[in-house]
Amino acid sequence: MAGGGGFVREGGGRSYEGGVTIFVLFTCMAAAMGGLLFGYDLGISGGVTSMESFLSKFFPSVFHKMKNESADQNQYCKFDSELLTLFTSCLYIAALVASFFASSVTRKFGRKISMFVAGLVFLIGSVLNGVANNIVLLIIGRLLLGIGVGFANQSVPVYLAEMAPTKIRGALNMGFQMAITIGILVAGLVNFGTAKIKGGYGWRVSLALAAVPSLILTVAAIFLPDTPNSILERGHPEKAKKMLKKIRGTDDVDEEFQDLLDATEVAKRVENQWSNITQPRYRPQLVICLLVPFFQQLTGINVIMFYAPVLFMTLGFGNEASLMSTVITGSVNVVATLVSICTVDRFGRRALFLQGGVQMLICQIAVGVMIGMKFGVSGEGAFSKGEANWILFLICAYVAAFAWSWGPLGWLVPSEICPLEIRSAGQAINVSVNMLFTFIIAQVFLNMLCHMKFGLFFFFAGFVVIMTIFITFFLPETKNVPIEEMNRVWKAHWFWGKYIPDEAVTHGRQDRAV
């Protein structure tokens with residue numbers, strides 16, 4: 001039974017036959033490479049926008065402001081430019097819009113088709129950015145990258161959640177976040193190297209190399225099988241059962257296949273998943289798919305990730321030092337995500353959410369205090385080497401906390417909680433809210449830094465407090481629960497239980513009893 005804090009009994013669902021096969025591990029790792037697209041772009045944008053050759057060509061006003069070495073320069077406002085932030089953030093609006101189209105494609109044509117579209121469109125955008133000679137072509141390329149990100153972020157987490165066995169679903173689904181963190185780290189290393197290229201074309205290499213992860217996803221999507229859930233949803237039961245036997249490594253899949261059939265029958269009765277998801281019986285899923293991505297972005301993580309070089313330069317690290325600091329935080333991101341993969345199915349989703357929230361809060365307050373004491377409200381000053389190292393340590397601790405909590409869980413939880421009849425819609429909402437607030441924060445961050453100054457870190461810390469309280473009371477534990485049995489978890493919850501009708505958790509059992 002659920003307790004007052006939102007706990008439910010572990011193992012709220014049944015265990016299916018079958019084990020972890022090499023085939024399913026390979027397919028999940030290949031599909032998770034879709035995260036490289038998002039990660040590489042997150043990491044590459046901030047580094048490129050701190051390169052002098054890039055700024056002087058496309059954003060000369062920012063370049064001249066950056067080169068102004070006058071003693072009374074306001075460090076907070078050095079990079080404040082609406083056009084510069086538009087370059088970074090337009091991708092996320094494109095991803096937001098694309099996620100709604102991707103939802104229909106994913107449901108009607110399968111998960112792997114959406115992944116193929118993601119890779120192909122991202123590839124075209126990468127080429128355009130690499131050869132761009134004016135701001136218009138640069139923005140068009142970014143918009144195409146956004147469409148690719150929208151399709152990938154819509155389809156890959158759902159694919160992983162459906163292919164993975166229940167007992168390691170968390171770890172395999174987090175392969176997506178792992179790929180994001182690897183993309184961020186690789187982008188940091190690429191920027192560190194291309195910044196040294198003589199001739200001023202290093203930024204072209206950085207942007208064009210985004211073609212590599214897009215090629216990986218495009219090729220992988222051609223050879224990957226589709227999920228049994230998706231095959232069944234499109235009306236091929238025999239093919240779906242054959243695939244389920246293959247990925248579970250056993251012929252004894254009758255119970256799990258019957259659950260998939262039950263879920264598919266319910267899904268077929270849904271004419272419009274968008275109106276359906278607004279019904280009271282889906283209120284828990286709708287709220288989680290709205291608030292989890294909202295809170296994920298309000299942790300402030302993307303301020304660190306795609307503006308890290310700019311932020312470190314603002315704090316006086318210098319160009320090369322700022323890029324190196326980004327590589328360091330990127331490495332911490334990868335290692336901490338590995339920690340999450342190893343612990344999520346042992347300790348559960350809630351424990352990681354809550355521990356990560358507390359650690360992020362402490363780090364953000366400490367960073368805000370240090371910046372406030374050094375720069376004040378005037379924005380004038382500079383860190384000593386020792387102080388800069390402390391800032392770097394605190395930011396790394398913050399990144400680690402995010403990387404084993406809100407980072408991977410922000411994608412895992414929404415992808416595993418929705419029943420089949422609203423799964424595509426739920427994931428589209430998750431992606432679109434994520435992209436909307438990524439866009440908003442990307443668009444206003446430099447302006448917020450200019451006006452809110454060190455208070456910006458306290459602003460995000462306040463939201464971390466709110467989201468940690470939300471998780472404490474309103475998110476039940478979902479580890480070890482089969483994806484088509486998730487309604488039992490909601491029915492047992494102290495708050496959400498009243499929204500879940502009895503037939504939502506009994507129809508499958510009744511059918512088998514008959």
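Positions of Cβ are set from backbone N, Cα and C atoms, glycine also.
These features come from TrEMBL:
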type     : residues : note
TRANSMEM : 20-40    : transmembrane segment
DOMAIN   : 27-479   : domain 'Major facilitator superfamily (MFS) profile'
TRANSMEM : 83-101   : transmembrane segment
TRANSMEM : 113-132  : transmembrane segment
TRANSMEM : 138-160  : transmembrane segment
TRANSMEM : 172-195  : transmembrane segment
TRANSMEM : 201-224  : transmembrane segment
TRANSMEM : 286-310  : transmembrane segment
TRANSMEM : 322-344  : transmembrane segment
TRANSMEM : 351-371  : transmembrane segment
TRANSMEM : 391-413  : transmembrane segment
TRANSMEM : 425-448  : transmembrane segment
TRANSMEM : 454-475  : transmembrane segment
### Message
Contact between the transmembrane segment (391-413) and the transmembrane segment (20-40) is defined here as three or more C-beta pairs under 8 Å separated by at least 6 residues; is that satisfied?
### Response
no
### Query
Residues sitting near the transmembrane segment (113-132): Cβ under 8 Å, six or more positions beyond its termini, same chain?
31, 34, 37, 102, 105-106, 138, 140-152, 154-156, 159, 204-205, 207-211, 213-222, 224
### Query
Taking 172-195, 351-371, 425-448 as candidates, which has the most Cβ pairs under 8 Å with the transmembrane segment (138-160)?
425-448
### Query
Taking the transmembrane segment (83-101) as the reference, which of 172-195, 351-371, 425-448, 454-475 gives the largest number of Cβ pairs under 8 angstroms?
425-448
